[in-house]
Structure formats: structure tokens, C-alpha cells
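Annotated features, as they stand in Swiss-Prot:
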BINDING   Gly50, Pro51, Ser52, Gly53, Cys54, Gly55, Lys56, Ser57  ATP binding site
DOMAIN    18-256  domain 'ABC transporter'
Amino acid sequence: MTATSSPRPKQISTDPCISLQNVTISYNEFEAVRHVYCEIPRGKITALIGPSGCGKSTILRSLNRMNDLIEGCSLTGRVMFDGDDLYSPNIDPVEVRRRIGMVFQQPNPFPKSIYENIAFGARINGYKGDMNELVERSLRQAAVWDECKDKLKESGCSLSGGQQQRLCIARTIAIEPEVILMDEPCSALDPISTLKIEETMHELKNRFTIVIVTHNMQQAVRVSDFTAFFNAEVQEGGSGKVGYLVEFNETEKIFHSPAQEATQNYISGRFG
């Protein structure tokens, strides 16, 4: 299978939350990922896996227009969310990022108190309810309330790495998104903190659609319902590699009976 001949995948979900339709993303003249068709199921966890440089983080950032912040980045095709093309001129990217939140690879709490890490974003987004209740609910949903409830006035930066990442998840939850994107959220964490994040993700999927990029295939098996495998190949002329979607299916099928040889080779460790 080549990047220029990737077939349109079969429909996986009858209730897609986000649909990528022939999406190609470029940085100036360089194509990073090409011709992606994919439907992200609602209320599930979808993992994006593949070797470094295959475009999975680029695709993840396209789902809430974070790539807009990168100079020279452009997208063709359509990213549909609840019937709207997110790249339509009349769509406000700030509102897109409120409805589709992001948790980054490195924990990045605000240099504020734990309380204000949660309250600040909600406040600037016009939240009018009981702020104390929102802070507690968000921290509980991110499974960090018990560790923070007695030190809400302390800096969020004083927490451990795993606690900081769960604080960032709580901060994302507080603005009441419909989708949460996670870009390798456990790569900087120890195994115990990773387990807590994964347990939190399982709880959150009852309320949110989650899309996660991970290099850890065991993590993809543990947490995701669906998996998209991306690969990359050298472009004509040898000017770099372009990423493309090889296969998208239920996680169990991807890891136990993949349809593509490249998927089997990757999950068995023959490359990557």
C-alpha cells in the first residue's frame, strides 16, 4: 500500500463524532500527511499509533485547529464535527478549542494555584455557576481531588508530574468540552502515574469522546476501543517522508487480525 493509493476505509461507526474527509496537511511545500479518511466514533477512545514522523500528532492537532498556530501549516479536505466543517471560514477556532480540548505531552499547569488552574479557563469562558462546585467536580473526574483537596491554594506546579497531568486533564474538563485530545499524555510519567491516567481515561469516556496519540502499543491495547495505524514513506524525489493512514478498526482487530501486512509488521516490532 502506498501513500498515494490508500483506499477509503470502510465506515466503522454509525455515530461518528469527528470525520476526516480526504485530509492532507502540509508545512509550506512539504506534505506531512496525505489523503486521510477516518471517522472517530462518539463516546469511545481512539488511539493513533505509528512510527515517528508518520503524522499522527499532526492529525491530532488538526482536530481542534491547533495547527493554525504553526506558521506555514495548511490543510485541504474537510474535518467534520457535528455536521460542521471545522475549517469553514465562519467557524471560530477559539470555540472549536473549547469544544475539543487538548492535553499535551508534557504537563503544563498554569503558574497559579490548583484552584485557579481550574477556575481560570472556566471564568474566561463565561462560566456562571458555582465555581467551588466546578473545581471539585473537575478534579474528581480527573481522579486528583483526594490528592489536592487540602491544598487548593498551593501552586499547581508543586504537584508531582502525574498529578500535574491529571490537573491538566481537570482543567480541560472544566470548560466542558465534548472531545478530549491527548498527545502522548503519559510519555513523561512513571508507570504508577501512567496507570492512574489510564484509569482516569476509562472513567472519562463515559462522558467524552477521547482521541489519544501514543507510541506505547500496550497502552493502545489497554485503553482504546479503536485504533488508527499510520505509516510514512519517502516522497518522490526523496525530499522527506509523507504520512498516511494504513488501517483503522476496532483495537482488538488491529492487534489480533490486522488487514494490512504493514500493520502486522509494526505491531510485531519488525519496524518502528
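Keep in mind that glycine also has a Cβ here, set from the backbone N, Cα and C atoms.
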Under a three-state reduction of DSSP output, how is Ser57 (ATP binding site) classified: helix, strand, or coil?
helix
Give me the non-local Cβ neighbours of Gly55 (ATP binding site): same chain, 6+ apart in sequence, Cβ-Cβ under 8 Å, ordered along the sequence.
Ile25, Ala32, Val33, Phe230, Ala232, Val242, Gly243, Tyr244
Other CB atoms within 10 A, centred on Ser57 (ATP binding site):
23
Please name the residue among the binding-site residues Gly50, Pro51, Gly53 whose C-beta has the most neighbouring C-beta atoms within 10 angstroms.
Gly50
Would you mind listing, in sequence order, the residues at least six apart from Ser52 (ATP binding site) in the same chain with a Cβ closer than 8 Å to its Cβ?
His215
Note down the number of other Cβ atoms within 10 Å of the Cβ of Cys54 (ATP binding site), including every protein chain shown.
26
